[in-house]
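Okay, so here's the structure we're looking at.
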Amino acid sequence: MTRCCFLRVHSLFFWFWSLCHRMALALCLQALCSLGGWLSLYVSFCRLNKHRSYEWNCRLVTFTHGILSIGLSAYIGFIDGPWPFTHPGSPNTPLQVHVLCLTLGYFIFDLGWCIYFQSEGPLMLAHHTLSILGIIVALVLGESGTEVNAVLFGSEITNPLLQMRWFLRETGHYHSFTGDVVDFLFVALFTGVRIGVGACLLFCEMVSPTPKWFVKVGGVAMYVVSWCFMFSIWRFAWRKSIKKYHTWRSRWSEERQLRLNGHLKAH
């Protein structure tokens, strides 16, 4: 009888271990396929745009990922569910797992590219590293994909605008009305969504007893990184606003002087 129970427990444990092993293998395969897909897209852009720089083509990949991840994470958060503000720490859904694996492959690709070409500073590298660790933790735990997906949406919603700003600068169209609109939308969305809505999401994450403590620590770290970005963005916005104001004052003074000169000549 004891031997029979032992065999049953042993077979059950072996079945559970095999299931976990197959699940981990499936997640690794998804992430590797995603990495291969983003790398293939980058190589394709490099071959199609041979006259452009490597950074141009990498930013095309980044722009593509930004649009794709915004659409998928918005669908998960607003339609498929669960709602991240009320269900943090909930079990991952199959769609969340697919999106997280897709994004994990992209972040690994982009982090490797940034390190190889030394194109980004420590803050961006820290952001990518935290993103990779957060996604891996959510996939390994099988939970908290809800809030990680929400963070993905908040992080990527400004990404296409950031890439558009770079493309406008490279093509010589940045100092235009379009460039001003892109900058305004970028600052407004970053402040409102990533800082404002992000604070609400972090509060819900911290007060909920469901998420693991290290998931909460990761959320705090990501929010601190967002504030570091925010200080740089506000400094940029302030400098640009002052420059625009001085340009407007100078132009207004010149036009006023011309009107006065024309009035004097008429008399």
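Using N, Cα and C of the backbone, Cβ positions are placed for all residues, glycine too.
A quick note: this is a predicted structure, and the numbers were derived from the prediction, not measured.
Taken from TrEMBL, the feature transmembrane segment applies to 23-45 (among others).
The domain 'TLC' (51-226) scores a mean pLDDT of 91 in the predicted structure. Feature annotation from TrEMBL assigns domain 'TLC' to 51-226.
Listed by sequence, the residues of this chain that lie at least six past the ends of the transmembrane segment (57-77) yet keep a Cβ under 8 A from its Cβ atoms are 38, 41-42, 45-46, 49, 83-84, 93, 95-96, 99, 102-103, 106, 109-110, 113, 149-150, 152-153, 156-157, 159-160, 163-164, 166-167. According to TrEMBL, the feature transmembrane segment maps to 57-77 (among others).
What TrEMBL records for 97-116 (among others) is transmembrane segment.
Within its own chain, the transmembrane segment (123-142) is flanked in space by residues 24, 27, 91-92, 97, 100-101, 103-104, 107-108, 110-111, 114-115, 148, 151, 155, 212, 214-215, 218, 221-222, 225, 228-229, which lie at least six positions past its ends and keep a Cβ under 8 Å from the stretch. Look at TrEMBL and you will find 123-142 (among others) tagged as transmembrane segment.
Listed by sequence, the residues of this chain that lie at least six past the ends of the transmembrane segment (184-204) yet keep a Cβ under 8 A from its Cβ atoms are 84-86, 88, 147, 150-151, 154-155, 157-158, 161-162, 165, 219-220, 223, 226-227, 229-230, 233-234, 237. Under the heading transmembrane segment, TrEMBL lists 184-204 (among others).
Here TrEMBL flags 213-234 (among others) as transmembrane segment.
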Tertiary contacts of the transmembrane segment (213-234), as residues 6+ beyond its ends and Cβ separation under 8 Å: 89, 123, 126-127, 130-131, 133-134, 137-138, 141, 144, 147, 151, 155, 186-187, 190-191, 194-195, 198-199, 201-202, 205-206
